[in-house]
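Down below is the structure, laid out as structure tokens.
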Amino acid sequence: MKSSPHLVLILCLQAALVMGVFAALAKENAMVESKAIDINPGQLKCCTNCNFSFSGLYTCDDVKKDCDPVCKKCVVAVHASYSGNNKFRCTDTFLGMCGPKC
């Protein structure tokens, strides 16, 4: 069987296109994985509503007057429109076991 130079060129271009698609997908997946979870290395003093997973990560759903000092992302959980006494929740993800109950 005689191979045509055009056929060889088309096969090479197709192979390059497929490799480019796989390279783009690998780059996109690497970017997603690097943004996955920001883990706080600290330990909460206490947590009553602990969400522990078998991966060793946990979050605390306690709503308190103030967030724990180790908390990096403290958000308002309950707005107190008239009294001015907002309640806060720490939205950090921690590594380890849940601390004692508050």
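A Cβ is built for glycine as well, from the same backbone N, Cα and C atoms used for every other residue.
The feature signal peptide is assigned by Swiss-Prot to 1-15, with sequence analysis given as support.
Reduced to three states, the DSSP call for Cys46 (disulfide bond) is coil. On its own chain, Cys46 (disulfide bond) has Gly99, Pro100, Lys101, Cys102 as residues at least 6 apart in sequence with a Cβ closer than 8 Å to its own Cβ. What Swiss-Prot records for Cys46-Cys102 (among others) is disulfide bond, and it gives similarity to another entry as the kind of evidence.
What Swiss-Prot lists as disulfide bond is Cys47-Cys60 (among others). Within the same chain, residues at least six positions away from Cys47 (disulfide bond) with a Cβ under 8 Å of its Cβ are Tyr58, Cys60, Asp62, Cys98, Gly99, Pro100, Lys101, Cys102.
DSSP assigns Cys98 (disulfide bond) to coil, not to a helix or a strand. As annotated by Swiss-Prot, disulfide bond applies to Cys50-Cys98 (among others), with the evidence given as similarity to another entry.
The disulfide bond annotation in Swiss-Prot covers Cys67-Cys74 (among others). Residue environment of Cys67 (disulfide bond) contains 20 other Cβ atoms, counted within 10 Å of its Cβ in all protein chains.
Summarising the annotation, Swiss-Prot assigns disulfide bond to Cys71-Cys90 (among others) and lists similarity to another entry as the type of evidence. In three-state terms derived from DSSP, Cys71 (disulfide bond) belongs to neither a helical nor a strand segment and is classed as coil.
Each of the disulfide-bonded residues Cys60, Cys74 was scored by the number of other CB atoms within 10 A of its CB, and the lowest score belongs to Cys74. Non-local neighbourhood of Cys71 (disulfide bond): Asn40, Gly42, Leu44, Cys90, Asp92, each in the same chain, at least six residues away, with C-beta under 8 Å from its C-beta.
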